[in-house]
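Novice: The compositional bias 'Low complexity' annotation in Swiss-Prot covers 147-158, 168-181. The domain 'Ig-like V-type' annotation in Swiss-Prot covers 19-121. The feature N-linked glycosylation site is assigned by Swiss-Prot to ASN96, with sequence analysis given as support. If you look up Swiss-Prot, you'll see 146-239 marked as region 'Disordered'. Swiss-Prot lists 1-18 with the feature signal peptide. Among the features that Swiss-Prot reports, topological domain 'Extracellular' is placed at 19-247. Per Swiss-Prot, the feature topological domain 'Cytoplasmic' maps to 269-332. Positions annotated as transmembrane segment by Swiss-Prot: 248-268.
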Amino acid sequence: MRLLVLLWGCLLLPGYEALEGPEEISGFEGDTVSLQCTYREELRDHRKYWCRKGGILFSRCSGTIYAEEEGQETMKGRVSIRDSRQELSLIVTLWNLTLQDAGEYWCGVEKRGPDESLLISLFVFPGPCCPPSPSPTFQPLATTRLQPKAKAQQTQPPGLTSPGLYPAATTAKQGKTGAEAPPLPGTSQYGHERTSQYTGTSPHPATSPPAGSSRPPMQLDSTSAEDTSPALSSGSSKPRVSIPMVRILAPVLVLLSLLSAAGLIAFCSHLLLWRKEAQQATETQRNEKFCLSRLTAEEKEAPSQAPEGDVISMPPLHTSEEELGFSKFVSA
(Lines of atoms letter the chains of each structure in order from A and count residues from 1; the text may use other names and numbers.)
(Lines give C-alpha, C1' and ligand atoms only; values in the text may rest on other atoms or scores of the structure.)
Protein backbone atom coordinates (compact mmCIF):
# COMPACT_ATOMS: atom_id res chain seq x y z
CA MET A 1 0.00 0.00 0.00
CA ARG A 2 2.84 2.40 0.82
CA LEU A 3 4.44 1.63 -2.52
CA LEU A 4 1.23 2.56 -4.34
CA VAL A 5 1.00 5.88 -2.45
CA LEU A 6 4.61 6.73 -3.38
CA LEU A 7 3.96 5.81 -7.00
CA TRP A 8 0.84 8.00 -7.07
CA GLY A 9 2.78 10.94 -5.66
CA CYS A 10 5.61 10.54 -8.16
CA LEU A 11 3.15 10.63 -11.03
CA LEU A 12 1.28 13.70 -9.80
CA LEU A 13 4.03 15.92 -8.41
CA PRO A 14 6.00 16.52 -11.64
CA GLY A 15 3.03 18.39 -13.21
CA TYR A 16 2.33 20.59 -10.19
CA GLU A 17 2.56 24.30 -11.01
CA ALA A 18 4.22 23.56 -14.35
CA LEU A 19 1.87 25.97 -16.16
CA GLU A 20 -0.13 28.86 -14.76
CA GLY A 21 -2.68 31.07 -16.44
CA PRO A 22 -6.31 32.15 -16.49
CA GLU A 23 -8.97 29.53 -15.94
CA GLU A 24 -11.57 31.40 -18.00
CA ILE A 25 -11.53 34.21 -20.55
CA SER A 26 -14.54 35.94 -22.07
CA GLY A 27 -15.36 38.52 -24.71
CA PHE A 28 -18.09 39.78 -27.01
CA GLU A 29 -18.58 38.78 -30.59
CA GLY A 30 -16.13 40.69 -32.78
CA ASP A 31 -13.72 41.48 -29.92
CA THR A 32 -10.05 40.55 -29.58
CA VAL A 33 -8.86 38.76 -26.45
CA SER A 34 -5.34 37.94 -25.30
CA LEU A 35 -4.06 35.62 -22.59
CA GLN A 36 -0.73 34.70 -21.06
CA CYS A 37 0.47 31.27 -19.88
CA THR A 38 3.58 31.23 -17.68
CA TYR A 39 5.84 28.19 -17.37
CA ARG A 40 8.77 27.09 -15.23
CA GLU A 41 12.46 27.68 -15.93
CA GLU A 42 13.20 24.08 -16.93
CA LEU A 43 10.62 24.35 -19.74
CA ARG A 44 12.27 27.38 -21.36
CA ASP A 45 13.75 25.54 -24.36
CA HIS A 46 10.81 23.20 -24.90
CA ARG A 47 8.32 23.63 -27.74
CA LYS A 48 5.06 25.40 -26.87
CA TYR A 49 1.71 25.09 -28.61
CA TRP A 50 -1.95 26.17 -28.53
CA CYS A 51 -4.81 23.92 -29.61
CA ARG A 52 -8.53 23.37 -29.16
CA LYS A 53 -9.74 20.47 -27.03
CA GLY A 54 -11.66 17.83 -28.96
CA GLY A 55 -12.84 14.27 -28.58
CA ILE A 56 -15.58 12.70 -26.48
CA LEU A 57 -14.05 9.77 -24.61
CA PHE A 58 -10.39 10.71 -25.04
CA SER A 59 -9.06 14.27 -25.23
CA ARG A 60 -7.20 15.30 -28.36
CA CYS A 61 -5.90 18.52 -29.91
CA SER A 62 -7.30 20.11 -33.07
CA GLY A 63 -5.98 23.11 -34.96
CA THR A 64 -2.61 23.03 -33.17
CA ILE A 65 -0.40 26.13 -33.51
CA TYR A 66 3.28 25.83 -32.52
CA ALA A 67 5.34 28.78 -31.33
CA GLU A 68 8.47 29.62 -33.31
CA GLU A 69 11.80 30.85 -31.98
CA GLU A 70 12.31 33.52 -29.35
CA GLY A 71 10.06 36.53 -29.89
CA GLN A 72 8.69 35.46 -33.28
CA GLU A 73 4.93 35.61 -33.65
CA THR A 74 3.13 32.79 -35.45
CA MET A 75 -0.31 33.38 -36.95
CA LYS A 76 -2.85 30.84 -38.16
CA GLY A 77 -6.21 32.19 -39.20
CA ARG A 78 -7.43 34.53 -36.46
CA VAL A 79 -5.04 33.20 -33.79
CA SER A 80 -1.49 34.37 -33.06
CA ILE A 81 1.00 32.85 -30.61
CA ARG A 82 4.35 34.14 -29.35
CA ASP A 83 6.86 32.59 -26.93
CA SER A 84 8.63 35.10 -24.68
CA ARG A 85 11.39 33.05 -23.08
CA GLN A 86 12.80 36.01 -21.18
CA GLU A 87 9.51 36.41 -19.33
CA LEU A 88 8.83 32.63 -19.30
CA SER A 89 5.41 33.22 -20.81
CA LEU A 90 3.39 32.16 -23.85
CA ILE A 91 1.15 34.93 -25.25
CA VAL A 92 -1.93 33.91 -27.28
CA THR A 93 -4.20 36.40 -29.07
CA LEU A 94 -7.57 35.59 -30.67
CA TRP A 95 -8.87 38.13 -33.20
CA ASN A 96 -12.46 38.91 -34.25
CA LEU A 97 -14.22 36.43 -31.97
CA THR A 98 -17.23 34.49 -33.18
CA LEU A 99 -19.78 32.41 -31.32
CA GLN A 100 -18.21 29.27 -32.79
CA ASP A 101 -14.91 30.08 -31.03
CA ALA A 102 -16.40 29.36 -27.60
CA GLY A 103 -15.04 26.18 -26.05
CA GLU A 104 -12.04 24.72 -24.22
CA TYR A 105 -8.43 25.14 -25.31
CA TRP A 106 -5.06 23.69 -24.28
CA CYS A 107 -2.00 25.82 -23.57
CA GLY A 108 0.75 23.17 -23.61
CA VAL A 109 4.49 22.48 -23.58
CA GLU A 110 6.02 19.41 -25.21
CA LYS A 111 8.41 17.29 -23.16
CA ARG A 112 9.52 13.72 -22.73
CA GLY A 113 6.57 11.71 -21.47
CA PRO A 114 3.17 13.38 -21.01
CA ASP A 115 3.04 17.05 -22.05
CA GLU A 116 2.53 19.84 -19.56
CA SER A 117 -0.80 21.50 -20.39
CA LEU A 118 -3.29 24.00 -18.98
CA LEU A 119 -7.02 23.89 -19.80
CA ILE A 120 -8.62 27.28 -20.52
CA SER A 121 -12.32 27.94 -21.19
CA LEU A 122 -13.35 30.66 -23.67
CA PHE A 123 -16.82 32.26 -23.46
CA VAL A 124 -18.12 34.43 -26.31
CA PHE A 125 -21.21 36.59 -25.76
CA PRO A 126 -23.37 37.80 -28.65
CA GLY A 127 -23.20 41.52 -29.34
CA PRO A 128 -23.48 44.03 -32.20
CA CYS A 129 -20.47 44.50 -34.40
CA CYS A 130 -20.70 48.29 -34.19
CA PRO A 131 -22.59 50.78 -31.96
CA PRO A 132 -25.97 51.95 -33.29
CA SER A 133 -25.75 55.32 -35.00
CA PRO A 134 -28.46 57.86 -34.09
CA SER A 135 -30.80 58.77 -36.92
CA PRO A 136 -32.86 61.75 -35.72
CA THR A 137 -35.93 62.75 -37.68
CA PHE A 138 -37.22 66.26 -37.18
CA GLN A 139 -40.78 67.26 -38.08
CA PRO A 140 -41.33 71.01 -38.02
CA LEU A 141 -44.58 72.08 -36.46
CA ALA A 142 -44.80 75.41 -38.27
CA THR A 143 -43.79 76.75 -41.68
CA THR A 144 -43.13 80.23 -42.99
CA ARG A 145 -43.77 81.83 -46.34
CA LEU A 146 -41.65 84.36 -48.16
CA GLN A 147 -42.77 87.95 -48.50
CA PRO A 148 -41.78 90.07 -51.52
CA LYS A 149 -38.42 91.84 -51.19
CA ALA A 150 -37.68 90.06 -47.91
CA LYS A 151 -34.98 87.65 -46.86
CA ALA A 152 -36.69 84.69 -45.38
CA GLN A 153 -34.90 82.87 -42.66
CA GLN A 154 -34.64 79.13 -42.95
CA THR A 155 -37.34 77.29 -41.16
CA GLN A 156 -36.00 76.09 -37.86
CA PRO A 157 -37.15 72.97 -36.13
CA PRO A 158 -39.37 73.56 -33.14
CA GLY A 159 -37.55 74.42 -29.95
CA LEU A 160 -37.71 72.67 -26.64
CA THR A 161 -40.65 73.91 -24.66
CA SER A 162 -41.20 73.93 -20.99
CA PRO A 163 -43.11 71.06 -19.45
CA GLY A 164 -46.81 71.50 -19.93
CA LEU A 165 -46.52 74.14 -22.69
CA TYR A 166 -47.34 73.78 -26.36
CA PRO A 167 -44.48 73.71 -28.89
CA ALA A 168 -43.59 77.08 -30.41
CA ALA A 169 -41.92 78.11 -33.66
CA THR A 170 -39.92 81.16 -34.71
CA THR A 171 -41.16 83.45 -37.46
CA ALA A 172 -39.24 84.83 -40.41
CA LYS A 173 -37.89 88.32 -40.86
CA GLN A 174 -40.21 90.45 -42.94
CA GLY A 175 -39.02 93.38 -44.97
CA LYS A 176 -35.56 94.78 -45.37
CA THR A 177 -35.57 96.64 -42.07
CA GLY A 178 -38.13 94.60 -40.25
CA ALA A 179 -37.63 93.96 -36.56
CA GLU A 180 -36.90 90.50 -35.41
CA ALA A 181 -39.76 88.93 -33.53
CA PRO A 182 -38.94 88.23 -29.91
CA PRO A 183 -38.79 84.62 -28.98
CA LEU A 184 -41.72 83.17 -27.17
CA PRO A 185 -41.36 82.12 -23.57
CA GLY A 186 -39.73 78.74 -23.27
CA THR A 187 -38.05 78.79 -26.68
CA SER A 188 -34.33 78.94 -27.45
CA GLN A 189 -32.58 81.58 -29.53
CA TYR A 190 -30.11 79.16 -31.12
CA GLY A 191 -30.64 77.34 -34.34
CA HIS A 192 -31.23 73.61 -34.69
CA GLU A 193 -33.70 73.30 -31.89
CA ARG A 194 -35.51 70.18 -30.89
CA THR A 195 -38.90 69.70 -29.38
CA SER A 196 -40.36 67.06 -27.18
CA GLN A 197 -44.07 66.48 -26.93
CA TYR A 198 -43.84 64.90 -23.50
CA THR A 199 -42.05 65.89 -20.39
CA GLY A 200 -38.85 63.96 -19.58
CA THR A 201 -38.91 61.82 -22.73
CA SER A 202 -36.25 61.55 -25.41
CA PRO A 203 -36.92 62.36 -29.08
CA HIS A 204 -35.45 58.98 -30.01
CA PRO A 205 -36.84 56.35 -27.65
CA ALA A 206 -35.60 53.51 -29.85
CA THR A 207 -31.95 54.38 -29.36
CA SER A 208 -32.04 55.59 -25.78
CA PRO A 209 -31.17 53.07 -23.06
CA PRO A 210 -33.68 52.46 -20.28
CA ALA A 211 -33.36 54.41 -17.08
CA GLY A 212 -30.76 53.06 -14.69
CA SER A 213 -29.05 50.79 -17.23
CA SER A 214 -26.62 51.71 -19.95
CA ARG A 215 -24.07 49.72 -21.88
CA PRO A 216 -21.26 51.69 -23.54
CA PRO A 217 -20.31 50.49 -27.00
CA MET A 218 -17.07 48.56 -27.22
CA GLN A 219 -14.64 49.26 -30.03
CA LEU A 220 -11.27 47.61 -30.14
CA ASP A 221 -8.75 48.55 -32.79
CA SER A 222 -5.68 46.58 -33.75
CA THR A 223 -3.31 48.79 -31.73
CA SER A 224 -5.13 48.76 -28.41
CA ALA A 225 -6.41 45.18 -28.57
CA GLU A 226 -3.42 43.72 -26.77
CA ASP A 227 -3.63 46.27 -23.95
CA THR A 228 -7.35 46.13 -23.29
CA SER A 229 -8.01 42.45 -23.88
CA PRO A 230 -5.78 41.08 -21.07
CA ALA A 231 -7.55 43.36 -18.62
CA LEU A 232 -10.91 42.07 -19.84
CA SER A 233 -9.86 38.47 -19.72
CA SER A 234 -8.01 38.68 -16.44
CA GLY A 235 -10.72 40.66 -14.69
CA SER A 236 -12.99 37.65 -14.34
CA SER A 237 -10.37 34.96 -14.11
CA LYS A 238 -7.75 33.81 -11.68
CA PRO A 239 -4.60 31.75 -12.21
CA ARG A 240 -4.92 28.13 -11.42
CA VAL A 241 -2.97 24.93 -11.64
CA SER A 242 -4.19 22.31 -14.08
CA ILE A 243 -3.39 18.61 -13.83
CA PRO A 244 -3.84 16.72 -17.12
CA MET A 245 -6.33 13.90 -17.23
CA VAL A 246 -3.54 11.52 -18.25
CA ARG A 247 -1.70 12.14 -14.98
CA ILE A 248 -4.88 11.51 -13.01
CA LEU A 249 -5.69 8.27 -14.82
CA ALA A 250 -2.09 7.02 -14.91
CA PRO A 251 -2.01 5.89 -11.24
CA VAL A 252 -5.29 4.03 -11.74
CA LEU A 253 -3.89 2.25 -14.77
CA VAL A 254 -0.67 1.45 -12.92
CA LEU A 255 -2.67 0.09 -9.97
CA LEU A 256 -4.77 -2.07 -12.28
CA SER A 257 -1.66 -3.36 -14.02
CA LEU A 258 -0.04 -4.20 -10.66
CA LEU A 259 -3.15 -6.02 -9.50
CA SER A 260 -3.37 -7.95 -12.75
CA ALA A 261 0.33 -8.83 -12.52
CA ALA A 262 -0.11 -10.02 -8.93
CA GLY A 263 -3.11 -12.12 -9.93
CA LEU A 264 -1.19 -13.59 -12.87
CA ILE A 265 1.77 -14.46 -10.64
CA ALA A 266 -0.51 -16.12 -8.07
CA PHE A 267 -2.26 -18.10 -10.80
CA CYS A 268 1.04 -19.24 -12.30
CA SER A 269 2.43 -20.27 -8.90
CA HIS A 270 -0.76 -22.20 -8.14
CA LEU A 271 -0.57 -23.88 -11.54
CA LEU A 272 3.08 -24.87 -11.00
CA LEU A 273 2.31 -26.22 -7.53
CA TRP A 274 -0.59 -28.28 -8.87
CA ARG A 275 1.59 -29.64 -11.66
CA LYS A 276 4.33 -30.57 -9.20
CA GLU A 277 1.86 -32.38 -6.97
CA ALA A 278 0.51 -34.23 -10.00
CA GLN A 279 4.02 -35.32 -10.98
CA GLN A 280 4.73 -36.54 -7.44
CA ALA A 281 1.47 -38.49 -7.42
CA THR A 282 2.29 -40.16 -10.74
CA GLU A 283 5.78 -41.07 -9.53
CA THR A 284 4.36 -42.52 -6.32
CA GLN A 285 1.90 -44.65 -8.26
CA ARG A 286 4.66 -45.80 -10.58
CA ASN A 287 6.89 -46.80 -7.65
CA GLU A 288 4.04 -48.65 -5.99
CA LYS A 289 3.31 -50.59 -9.17
CA PHE A 290 6.98 -51.48 -9.56
CA CYS A 291 7.26 -52.67 -5.95
CA LEU A 292 4.05 -54.68 -6.25
CA SER A 293 5.20 -56.39 -9.43
CA ARG A 294 8.53 -57.23 -7.83
CA LEU A 295 6.85 -58.70 -4.75
CA THR A 296 4.59 -60.85 -6.88
CA ALA A 297 7.56 -62.13 -8.85
CA GLU A 298 9.41 -63.04 -5.66
CA GLU A 299 6.33 -64.82 -4.30
CA LYS A 300 6.08 -66.87 -7.50
CA GLU A 301 9.73 -67.92 -7.27
CA ALA A 302 9.51 -68.85 -3.55
CA PRO A 303 7.37 -72.14 -3.79
CA SER A 304 9.63 -73.73 -6.43
CA GLN A 305 12.67 -73.33 -4.21
CA ALA A 306 10.94 -74.28 -0.96
CA PRO A 307 11.48 -78.22 -1.00
CA GLU A 308 15.15 -77.90 -1.44
CA GLY A 309 15.57 -74.99 0.77
CA ASP A 310 13.32 -76.32 3.52
CA VAL A 311 15.45 -79.42 4.23
CA ILE A 312 16.80 -79.06 7.71
CA SER A 313 20.00 -80.86 8.53
CA MET A 314 19.69 -82.55 11.85
CA PRO A 315 22.74 -83.21 13.98
CA PRO A 316 23.71 -86.93 14.44
CA LEU A 317 22.13 -88.70 17.32
CA HIS A 318 24.44 -89.97 19.99
CA THR A 319 23.19 -93.33 21.34
CA SER A 320 24.53 -94.93 24.41
CA GLU A 321 25.82 -98.50 24.73
CA GLU A 322 22.70 -99.62 26.57
CA GLU A 323 20.49 -98.39 23.80
CA LEU A 324 22.66 -100.17 21.25
CA GLY A 325 22.51 -103.39 23.19
CA PHE A 326 18.77 -103.12 23.60
CA SER A 327 18.35 -102.53 19.90
CA LYS A 328 20.47 -105.57 19.11
CA PHE A 329 18.42 -107.70 21.54
CA VAL A 330 15.22 -106.60 19.93
CA SER A 331 16.53 -107.23 16.46
CA ALA A 332 17.75 -110.75 17.51
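Positions of Cβ are set from backbone N, Cα and C atoms, glycine also.
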Novice: Going by DSSP, is ASN96 (N-linked glycosylation site) part of a helix, a strand, or coil?
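Specialist: Its secondary structure by DSSP: coil.
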Novice: Sequence gap of 6 or more, C-beta under 8 Å: which same-chain residues meet both conditions with respect to the residue listed as 'N-linked glycosylation site'?
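Specialist: Within the chain, the residue listed as 'N-linked glycosylation site' has Cβ neighbours under 8 Å at GLY30, ASP31, THR32, ARG78.
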Novice: With helix taken as DSSP H, G or I, strand as E or B and everything else coil, how many residues of the domain 'Ig-like V-type' (19-121) land in each class?
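Specialist: Reading the DSSP string over the domain 'Ig-like V-type' (19-121) gives 6 helix, 59 strand, 38 coil.
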